[in-house]
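Student: My questions all concern the structure below.
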Amino acid sequence: MSKFARSVILASLISATAQANTPVPTPNAAPMVVPAAPEISAKAHILIDYYSGQVLAEANADERLPPASLTKMMTSYIIGHELLEGNIKNTDMVTISKNAWSKNYTDSSKMFIEVGKQVSVDDLNKGIIIQSGNDACVAMAEFLAGSTDSFASLMNAWSAKLGMKDTQFKNPHGLDEEGHYSTARDMARLGQALIHDQPEEYKIYAQKSFVFNGITQHNRNRLLWDQSLQVDGIKTGHVSQVGYNLVSSATNNEGMRLIAVVLGASSEGSRAAESKKLLTYGFRFFQSLTPYKAGTELVTQKIWMGDKPEVKLGVDKDVSVLVTRGQGNNLKADFQLESELKAPLAKGQRVGTVFLKQGDKEIKQVPLVALEEVQEGGLMSRLWDYLVLLVTSWFK
C-alpha cells in the first residue's frame, strides 16, 4: 500500500465546523487532569459518546448476560421502525390473545390488558416502554409477526443489521429463557440506534408515567427524576440470576450526549447510582466536537489518467470526536491513501483513511473520500501519465 501521510491541525477548523452549541477551546487551554473512570459495582458496564461511539469507560462489556427487560428496547425499535415506514399506525387496534393476557404474567411487570379486548398500538407501545409490560410485548409481537417466535427471529435479524455481535433474543419481553442474552456493548449500540433511527419512538422513554385501564404506573428509570442530570431515557430491567440493569442516556447544555449501560447491579437504587457515576464522569471530563462537517475538503491530491490533474478529498459525513475537556486545539489528523489515485473516480468513492488524534493518541478513524467525480482524460494525456508512472516505478 502506498502511504501518503500528512499532519493536519484541526484547531483552526473547529470554530468553522464545530456544532453551533459546542464551545470552542481557548488557544492556551491548560491540560486537564483526567482521573481513571469510576469503579462500578455491577457485573458489567460501558459508557459511550452517542455521536462518535467512543468508549469512555468499560468493564466486562462483552460478557454475555441476560438483558431482562432491556430486551424491550429492541421490541420498541422494531415498533418505531414499522411506524416510521407507515406499515402500522398508532391508531391501529390490536386484539389481545390468550397468549398476551396479563394473567399469564403473574409476578412480573405488565400493563394489565385483557383477553379479547382491543388496544391501540399507541397504548401498547407506551405500555412496553413506560410500564415495561410483558403482556404488551406479546400482543405487539403477534400483531407484527404473527407469533412471538417469528418476532424473535425478526429481532435477531435487526440485531445482526445493527452490529450487535453478541446478542440473541428468544422472546420480545426478556423473561428468562435459555439462549437469551446480550452484552453491555451491544445494549449501548442498540440505545445509540434507537435514539438515532427512531427519534419519535425515543421521546416516549422520557415519560414518567402512563395510565391504562384506570391504573397509573411509573417509569422505573429513577434518573428521569434526577435534577442534576438531563436524562431522557432509556430502559430498566431485572432478572434474579444477574440483578438489576439500566441503559440510560443524558445530554448537557453543550449538545453532548452519553449512553451508559450497567448490568447486574445489586438493587434498583444501585443501578441508578452506578449509572449516575458514569454519566457524571463523562460530562465532567470530556467534550464532544465536530471538527469536520460532511463535505469538508481536507486535501487536494494528484490524480493520474484523469480529465483534471488534481482531486479534492475529504469526508462525506459529519465527523464527531470526544476529547479531554478543553483540549480541542490538540486535535490533529493524518491521512493515508489506499493507492495511487487513478481515474475514473466516482464522487464519494473511498480512497483512504483519516486518522484523528489527540496529541499522539489515535482516537478515531474515518473514511477519506473523493468529493468530486474525475473521468478519464484524453488518449494522449493518459499515455503521458502511463509513461510517467512507468518510469517512476523503476526508481522505487
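The backbone N, Cα and C atoms fix where each Cβ goes, and this holds for glycine too.
Model, not experiment: these values are computed from the prediction.
Dumping what TrEMBL says about this protein:
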{"type": "ACT_SITE", "residues": "SER69", "note": "active site, acyl-ester intermediate"}
{"type": "ACT_SITE", "residues": "LYS72", "note": "active site, proton acceptor"}
{"type": "ACT_SITE", "residues": "SER132", "note": "active site"}
{"type": "BINDING", "residues": "LYS235", "note": "substrate binding site"}
{"type": "DOMAIN", "residues": "286-376", "note": "domain 'Peptidase S11 D-Ala-D-Ala carboxypeptidase A C-terminal'"}
{"type": "SIGNAL", "residues": "1-20", "note": "signal peptide"}
Student: Can you break down the domain 'Peptidase S11 D-Ala-D-Ala carboxypeptidase A C-terminal' (286-376) into helix, strand and coil residue counts using DSSP?
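Tutor: Tallying H, G and I as helix, E and B as strand, the rest coil: 3 helix, 56 strand, 32 coil.
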Student: State the Cα to Cα distance, in Å, between the residue listed as 'active site' and SER69 (active site, acyl-ester intermediate), rounded to an integer.
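Tutor: On Cα coordinates alone, these residues lie 7 Å apart.
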Student: State the count of C-beta atoms found within 10 angstroms of the C-beta of SER132 (active site), not counting that atom itself.
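Tutor: The answer is 26.
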Student: Under DSSP, is the residue listed as 'active site, proton acceptor' part of a helix or a strand, or is it coil?
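Tutor: In three-state terms, the residue listed as 'active site, proton acceptor' counts as helix.
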Student: What's the CA-CA gap between SER69 (active site, acyl-ester intermediate) and the residue listed as 'substrate binding site' in angstrom, rounded?
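Tutor: Answer for this pair: 8 Å between alpha carbons.
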Student: What mean pLDDT score does the domain 'Peptidase S11 D-Ala-D-Ala carboxypeptidase A C-terminal' (286-376) have in the model?
Tutor: 93
Student: Tell me the Cβ contacts of LYS72 (active site, proton acceptor) under 8 Å, same chain only and six or more apart in sequence, or just say none.
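Tutor: Spatial neighbours, sequence-distant, of LYS72 (active site, proton acceptor): ILE128, ILE129, SER132, CYS137, PRO172, HIS173, GLY174, LYS235, GLY237.
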Student: I need the least crowded one of these recorded positions (SER69, LYS235), counting other C-beta atoms within 10 angstroms of each C-beta.
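Tutor: Candidates: the recorded positions SER69, LYS235. Fewest Cβ atoms within 10 Å: SER69.
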